[in-house]
Amino acid sequence: EGKIMAGEEEVEVDVEQQQQPFPPLSKNAQKKLLKQQRYEVKKAEKKALLKEQKKREGERKRKEWEEKLAGATEEEKQQLIESRKCLRKERMDQRSDEKGKKMQRLTKAKENGQNVVIDLEFDHLMNSSELHSLVQQIMYCYAVNGRCSCPAHLWLTGCQGEMQAQLQRLPGFDKWVIEKENRPYIEAFQDQKERLVYLTADSETTLDVLDPKHIYIIGGLVDRNRWKGLTMKKAEDQGIQTAKLPIGTYLKMSSSQVLTVNQVVEILLKYLETGDWKTSFFEVIPQRKRCEGDNDIEQDEDTEGKDDHEIKIRDIELEEESEEKDDQGSKRQCIES
């Protein structure tokens, strides 16, 4: 893999295409890939800048705290420390309460929530960087589902090999309230085949409403448009239903209607919450993917990266890990002198 400098960080750029037994990219696909790589560099620069700003802000707050303690009497110092302890305890209690409610929602979703499957049987068609991108999309899907007031019952099927290994390395993955199935979905739901619906942009059937009895499948594939029509052909070969999201009814896309896994999941979650496709599309699909006329909802520039699962992605990665360390971390930070 080649590398492009972004600020002080190195960004990996995919140049494995010619070394892999994959179909060659068309000129149009190469242009899109180059555009994506430039966007990744810009995104990395922004991420590095935000990281530096966060570090400076932390140093500023720490200096203010030390100065406040230095200018206080012993009695005032103890009061300040006790006050900070109480504040942190309130935050910990609030986080614990929120986590409890989240677990209740996800547990309830396992019983009667909308079944949504992410099909992970395509890992052999992706290189390492694409696998990493898909893993992060899955991580974002789980985090968004946990925060949703009406979460879905998420499934990971065909989870084996390198994909399984990368998922296992995620902090707290073993504790995720999500179905982890090594078998393909066609085997896991062999007695419910008539309820399976593969969501693919190539389908001629438009999805009008979400049927709670149906099991909707999303293809877990990051392919830079190398494998066009793959999920549609798979569904046809298996004899299961297909459908596409009604995107064209509500907005015009500047390019194809192929979305990332996390975008599709979040659109479904928004629809479960609002019952409105238009609201779901405009809140999830980033402005840069729409035609100029589709500006009904104002968005700031941060929305650009939403499809690339970079919204607080580091926070999502450490969510489970930080919850386990809260007690020790808060005690260590509170007792300062």
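For all residues, glycine too, the Cβ spot is worked out from N, Cα and C.
Nobody curates TrEMBL annotations by hand; they come from automatic prediction.
Here is what TrEMBL says about this protein:
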type: ACT_SITE; residues: Asp223; note: active site, proton acceptor
type: COMPBIAS; residues: 89-101; note: compositional bias 'Basic and acidic residues'
type: COMPBIAS; residues: 294-305; note: compositional bias 'Acidic residues'
type: COMPBIAS; residues: 306-316; note: compositional bias 'Basic and acidic residues'
type: COMPBIAS; residues: 317-326; note: compositional bias 'Acidic residues'
type: COMPBIAS; residues: 327-337; note: compositional bias 'Basic and acidic residues'
type: DOMAIN; residues: 102-292; note: domain 'SAM-dependent MTase TRM10-type'
type: REGION; residues: 1-33; note: region 'Disordered'
type: REGION; residues: 45-76; note: region 'Disordered'
type: REGION; residues: 89-108; note: region 'Disordered'
type: REGION; residues: 293-337; note: region 'Disordered'
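Applying DSSP to the region 'Disordered' (45-76) sorts its residues as follows: 29 helix, 0 strand, 3 coil. The average pLDDT computed for the domain 'SAM-dependent MTase TRM10-type' (102-292) is 90. Listed in sequence order, Phe122, Leu125, Met126, Glu130, Leu230 are the same-chain residues at least 6 apart in sequence whose CB falls under 8 Å from the CB of Asp223 (active site, proton acceptor).
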